[in-house]
Amino acid sequence: MATPFLPSGATTGDSGGELSSGDDSGDMESFQTPEAEGTRSLAELFEKAAAHVQGLVQVASREQLLYLYARFKQVKVGNCNTPKPNFFDFEGKQKWEAWKALGDSSPSQAMQEYIAAVKKLDPGWNPQVSEKKGKEGSSGFGGPVVSSLYHEETIREEDKNIFDYCRENNIDHIAKAIKSKAADVNMTDEEGRALLHWACDRGHKELVKVLLQYEAGINCQDNEGQTALHYAAACEFLDIVELLLQSGADPTLRDQDGCLPEEVTGCKAVSLLLQRHRASKA
């Protein structure tokens, strides 16, 4: 569920059309022959290309990153289904426009173009060679121990948005952006996650304090119905759970699966704290 400049696995490409599926049919044929790939499906090749991208981010242009971002989203999500980002989110608007421009493009076409783009970037890439992988997870944000399910990317300074600075715990940058109104403290990413969700997910207690001082919506729910309290509980940050409760977080709000914050944690201390607080408010 991830959202920074590239989703986990996105690679580079060319927004000028050089990497269209029609122009690169030769590349695709070489990938899909039984001799070269055995029984690998197009989807498996796409996943391998996505894994390979992590080592190519630094050599890719902004246009290439946007090209691949859009196709990754088309494969994983489908047609663009999110509102256009606000005026101040310049990078977010570029990403949204690149994705939106694909219209009703099929996942198959998007995968073909994505794979061809990776081949253009690294002609020597061999998808039969396994990529080194970090922590993996099936659902990303919103599941147990959220951070462990989120793949980090290397993002160049000029490509960062407010959520990237939040991940990095860059309190000064975030405070200045909010104070100057360059960013709204309650702005959300495409998954409905606000800055407070991100800060709680990463365990950045001091940043959580700053966001609350700027009146972050403490009970704001993401697209899965999870609050910042769900995130802090799932990641087992007891001190942040305490801070949120002291600041007025509602432990009775349930996510779309019907789970309370106390039910998404594997930490007994966190669960007991939430239960006691909820009981005291009953």
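Keep in mind that glycine also has a Cβ here, set from the backbone N, Cα and C atoms.
The structure displayed is predicted, hence computed values, not measured ones.
Straight from Swiss-Prot, the features:
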BINDING   Tyr69, Ala70, Arg71, Phe72, Lys73, Lys95, Tyr114  acyl-CoA binding site
DOMAIN    42-127  domain 'ACB'
MOD_RES   Ser41  phosphoserine
MOD_RES   Ser106  phosphoserine
REGION    1-39  region 'Disordered'
REPEAT    191-220  repeat 'ANK 1'
REPEAT    224-253  repeat 'ANK 2'
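Sequence features, as recorded in Swiss-Prot, placed on the structure.
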residue	record	contacts (Cβ under 8 Å, 6+ apart)
Ser41	phosphoserine	none
Ala70	acyl-CoA binding site	Lys95, Ala98, Trp99, Ala101, Leu102
Ser106	phosphoserine	none
Practice problem: Fewest other Cβ atoms within 10 Å: which of the binding-site residues Arg71, Lys73 wins that one? Let me know. | Solution: Lys73
Quiz prompt | Residues of the repeat 'ANK 2' (224-253) by DSSP state, where helix covers H, G and I | solution = 16 helix, 0 strand, 14 coil
Quiz item: By the DSSP assignment reduced to helix, strand and coil, which category contains Ser106 (phosphoserine)?
Solution: coil
Quiz item: Where's the emptiest Cβ shell within 10 Å among the binding-site residues Tyr69, Tyr114?
Solution: Tyr69
Practice problem: Kindly assign Ser41 (phosphoserine) to one of the three DSSP-derived states: helix, strand or coil. | Solution: coil
Exercise. Average the per-residue pLDDT over the domain 'ACB' (42-127) and send me the rounded value.
Key: 85
Exercise. Within 10 Å of the Cβ of Lys95 (acyl-CoA binding site), how many other Cβ atoms can you find? Include all protein chains, please.
Key: 26
